[in-house]
Amino acid sequence: MRVLIKNGTVVNADGQAKQDLLIESGIVRQLGNNISPQLPYEEIDATGCYVFPGGVDVHTHFNIDVGIARSCDDFFTGTRAAACGGTTTIIDHMGFGPNGCRLRHQLEVYRGYAAHKAVIDYSFHGVIQHINHAILDEIPMIVEEGLSSFKLYLTYQYKLNDDEVLQALRRLHESGALTTVHPENDAAIASKRAEFIAAGLTAPRYHALSRPLECEAEAIARMINLAQIAGNAPLYIVHLSNGLGLDYLRLARANHQPVWVETCPQYLLLDERSYDTEDGMKFILSPPLRNVREQDKLWCGISDGAIDVVATDHCTFSMAQRLQISKGDFSRCPNGLPGVENRMQLLFSSGVMTGRITPERFVELTSAMPARLFGLWPQKGLLAPGSDGDVVIIDPRQSQQIQHRHLHDNADYSPWEGFTCQGAIVRTLSRGETIFCDGTFTGKAGRGRFLRRKPFVPPVL
């Protein structure tokens with residue numbers, strides 16, 4: 001199968017040019033002017049549009065069981081939504097398994113979840129929910145099987161203490177894996193939460209007040225120091241929500257420490273005032289939404305290169321689940337927001353179209369750097385001969401208002417309802433196959449492939 005994309009502006013992280021792009025058998029074969037491929041081929045006219053590498057979202061939670069509820073997106077509805085939003089690769093954070101389970105247990109469970117449902121290519125992050133000799137011995141074998149990143153939690157039920165974190169950091173570093181971490185100070189959160197509950201203060205706004213930015217920033221600083229103690233182990237901070245944590249990361253980077261950081265559209269575009277609305281429970285996530293000042297600090301990091309990746313942390317619970325389980329108490333509400341379908345459009349509209357970032361920086365944040373950090377480059381995140389034919393075409397002339405009824409996930413609401421975006425996703429191709437076109441999903445469940453990722457190699461800081 002041959003596909004020729006003509007008349008568009010092809011953009012990679014290192015530059016852009018108005019040129020044609022030829023995909024053959026799912027692989028980019030040629031870029032240039034006036035390409036004349038052998039017949040037969042499909043021709044796509046991208047006049048006036050940007051032709052970007054397909055998005056790489058390295059932070060999703062599909063089919064996750066958090067104990068009190070299971071998220072309402074599985075690997076079909078979740079990857080369908082991703083495809084319709086221009087994302088062609090996801091790396092899903094595996095959920096916790098039974099007490100004492102091995103790493104392989106969760107890998108086998110999640111490969112079963114995705115195998116016949118995923119629309120786009122996928123991989124997983126391992127999750128380390130406890131430390132013992134068996135887990136430490138298992139890590140190199142899992143890396144050899146293509147999982148080269150693992151997540152640690154400093155909060156929630158399976159949080160690790162500092163000694164366990166050090167053991168994990170050392171072993172992951174030795175094994176060629178990147179450590180990712182959810183950084184919040186669990187003890188401080190528990191203390192604040194208990195105070196509010198004892199006082200009968202359980203409305204959504206107290207979720208944010210119980211998890212102040214200092215809880216997140218302290219944990220970031222602690223992880224930076226522990227990574228240094230563990231032999232300068234590489235570290236990736238997920239879902240950054242505040243400027244103080246970013247300051248600590250800037251300092252570490254200035255000291256040539258191998259640390260990277262992601263943020264998410266919700267921390268760039270939503271703020272804590274959402275908790276005081278009638279539907280405040282729909283915005284419960286951790287870390288919580290912050291104020292506009294923190295948004296501005298994050299946008300500075302987006303613009304100046306201090307932030308490396310924009311992912312989603314897509315974790316969908318319906319309003320029915322939230323209301324039934326929480327019964328008006330923020331501490332009982334399942335955490336997470338939908339967003340995998342909106343990431344590319346939101347960042348393009350609020351970043352590129354406002355002049356905050358260039359189209360090249362957009363590629364860096366949404367596909368190139370995620371692919372580099374997580375062992376997928378140059379197969380993903382790049383439009384060049386030999387790379388996968390993963391493409392998203394965005395028309396900057398079109399304006400769209402986000403409405404839940406037009407989205408493709410399995411949620412019953414969107415936190416982005418009513419947002420007007422300048423720029424529309426008009427087509428998504430995965431390995432040369434159109435899976436979304438002009439508002440219509442055309443992919444199929446099970447066509448996505450499991451990606452064996454290479455061991456971690458740090459990009460140049």
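Cβ from N, Cα, C; glycine included.
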Per Swiss-Prot, member of Lys6, Lys117, Lys151, Lys380 binding divalent metal cation 1 alongside His59, His61, Asp313: Lys151
Recorded divalent metal cation 2 site member, picked from His116, His173, His182, His207, that accompanies Lys151, His239 in Swiss-Prot: His182
Recorded substrate site member, picked from Tyr122, Tyr156, Tyr158, Tyr206, that accompanies Ser286, Asn335 in Swiss-Prot: Tyr156
Binding-site residues: His61, Tyr156, His182, His239, Ser286 - member with fewest neighbouring CB atoms within 10 Å: Tyr156
Binding-site residues: His59, Lys151 - member with fewest neighbouring CB atoms within 10 Å: Lys151
Residue among the binding-site residues Asp313, Asn335 whose Cβ has the most other Cβ atoms within 10 Å: Asp313
Nearest recorded site to Asp313 (divalent metal cation 1 binding site) by CA-CA distance, among binding-site residues Tyr156, His182, His239, Ser286, Asn335: His239
8 Å Cβ shell about Lys151, His182, His239 centroid, divalent metal cation 2 site members excluded: His59, His93, Tyr153, Thr180, Val181, Pro183, Ile237, Val238, Asp313
